[in-house]
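Record features, source TrEMBL:
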ACT_SITE  D108  active site
ACT_SITE  E179  active site, proton acceptor
BINDING   H106, D145, D208  Mn(2+) 2 binding site
BINDING   D145, E180, H456  Mn(2+) 1 binding site
DOMAIN    221-377  domain 'Peptidase M20 dimerisation'
SITE      H239  site 'Important for catalytic activity'
Amino acid sequence: VMSSSSSSSLEMEIFQYIDAHQSDFIEDLKEWVAVESDSVQPHLRKEVMRMIALAADRLAALGATVNLVNLGSHQLPDGQVLPLPSVILGELGKVPQNPTVCFYGHVDVQPAKKEDGWNTDPYTLTEINGVHIFIRNLYGRGATDNKGPVLAWINAVETFRALKLAMPVNFKFVIEGMEEAGSLGLQKLLEEENHGFFSDVDYIVISDNLWLSNKKPALTYGSRGNACFFVECGSKDLHSGTFGGIIHEPLLDLIALLDSLVDCTGRIQIPGIYDSVAALTEEERQLYESIEFDLEEHRNNCGVKKFLYGTKEEILLHLWRYPSLSIHGIEGAFHEPGIKTVIPAKVIGKFSIRQVPHMDLSVVKKQVVEHLEDVFSKRNSPNKLKVSMPLGAKPWLADVDDLLYKAARRAIKTVFGEDPDFIRDGSTIPVARMFQTVTQKSVMMLPIGAADDGEHSQNEKISRRNYIEGTKLFAAFFLEISKLH
């Protein structure tokens, strides 16, 4: 173990190198952002393949052993068969006494078009001054989700190599190109490699989410699950002049069903849905109290006039710790501009429930079906009702007292000069749960993006500060982990 003075002079040397090479690191990100690696749209699949090849070359240049694992192909709903991008399994260093840290990231992105409301071309990384002159933002699709963080980790490793320093840990990399399309084939690969590639891994780090604040760093220790539902009503299209007023209209049935799900305070109306939610402990309540969370800033980030709750604690509890239900759309209803006096025959309502520990997916499904059937039966409608759950992902929760979190907390203190907020994520991060369930290793989410980065939306960005300080954070984290062994 290094003395604290030698370790701090080593950190200084590393941080100075990172500062001096900022423009190189930004050029790297520019090159990656320029690849339209959208895994959702079939015609861009070849660009995802190109992006995976680029990332593999970058790891090989570090001196890593790179294995591109072929996952075969998948069939789209229209029958088209597409090849799946390979998953990169990389390895650097095999020093027996060093801990092994495995990093997961993805290099595919959400769809983006300039005409969707971007101020700049989404595939040209563009640096623009932020609201505060000292913040410069790097705009581009994938800047924060997830090309920026993947490169920051690689650049942190590269810094040790460039300075001819001994690697403080052994590195492994899992980099995929299908995260935005559901990580197809990843779980099977993890299961197959559990006793191979993952056998000597001590820790798994994911950096694919954001801080809670625009300025204060955070460590994430949990996320909600997600159960998506389709509720279908109907028969055949009819003319409203001929049949309006004498039939049970499917869309009216559906709207009544959707309206029965949540009340105006946001509380889910499905009987029994809150029964299994874990009770709030005193230690946990204290974690919430110490979190820095600016209600105004959060309101501005999401562009709403007011929230359902008025206090920081209530908002965070309902965002992370309690289930929520959102309605996403109705398929089959007329939605073009203008008017069309049709009574839609078959309509499908789509909604999802973000569930939390210790809700059971199969119980949630049963509760939803029973509730909708009960509401529907009271309408005496001859229409057919069909409820399905096409997608279900479980919540994830880690232990904040784990060594991994202790090391990350120290690294954040070193780089940012303050302790992080310990946060949960209101969205679903299936990959964290997947890694933890399959490998049974310690998993941590270590974000470097700020709350206003706009992942998935127009004008996605990462600030120059977060990208560069995030690189230092990863480097400091490697040193902290090595001290624990």
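Count begins at 1; order follows the chain as displayed.
The backbone N, Cα and C atoms fix where each Cβ goes, and this holds for glycine too.
Looking only at Cα atoms, H239 (site 'Important for catalytic activity') sits nearest to E180 among the recorded positions D108, D145, E179, E180, D208. Ranking the recorded positions H106, H239, H456 by C-beta neighbours within 10 Å puts H106 at the top. Within 10 Å of the C-beta of the residue listed as 'active site' we count 27 further C-beta atoms, all protein chains included.
Here the recorded positions are D145, E179, E180, D208, and the one whose Cβ sees the fewest other Cβ atoms within 10 Å is E180.
Between the alpha carbons (Cα) of E180 (Mn(2+) 1 binding site) and D208 (Mn(2+) 2 binding site) lies a span of roughly 11 Å. Using a 10 Å Cα-Cα cut-off from H456 (Mn(2+) 1 binding site), the recorded positions that qualify among H106, D108, D145, E179, D208 are D145. On a Cα basis, the residue listed as 'active site' lies 12 Å away from D208 (Mn(2+) 2 binding site). Rounded to the nearest whole angstrom, the C-alpha distance between the residue listed as 'active site, proton acceptor' and H106 (Mn(2+) 2 binding site) is 6. Those residues of the chain, other than D145, E180, H456, with a C-beta within 8 angstroms of the mean position of the Mn(2+) 1 site C-beta atoms are V109, Q110, G142, N146, E179, E455, E460. Counting in whole angstrom, D145 (Mn(2+) 2 binding site) lies 9 from D108 (active site) by their C-alpha atoms.
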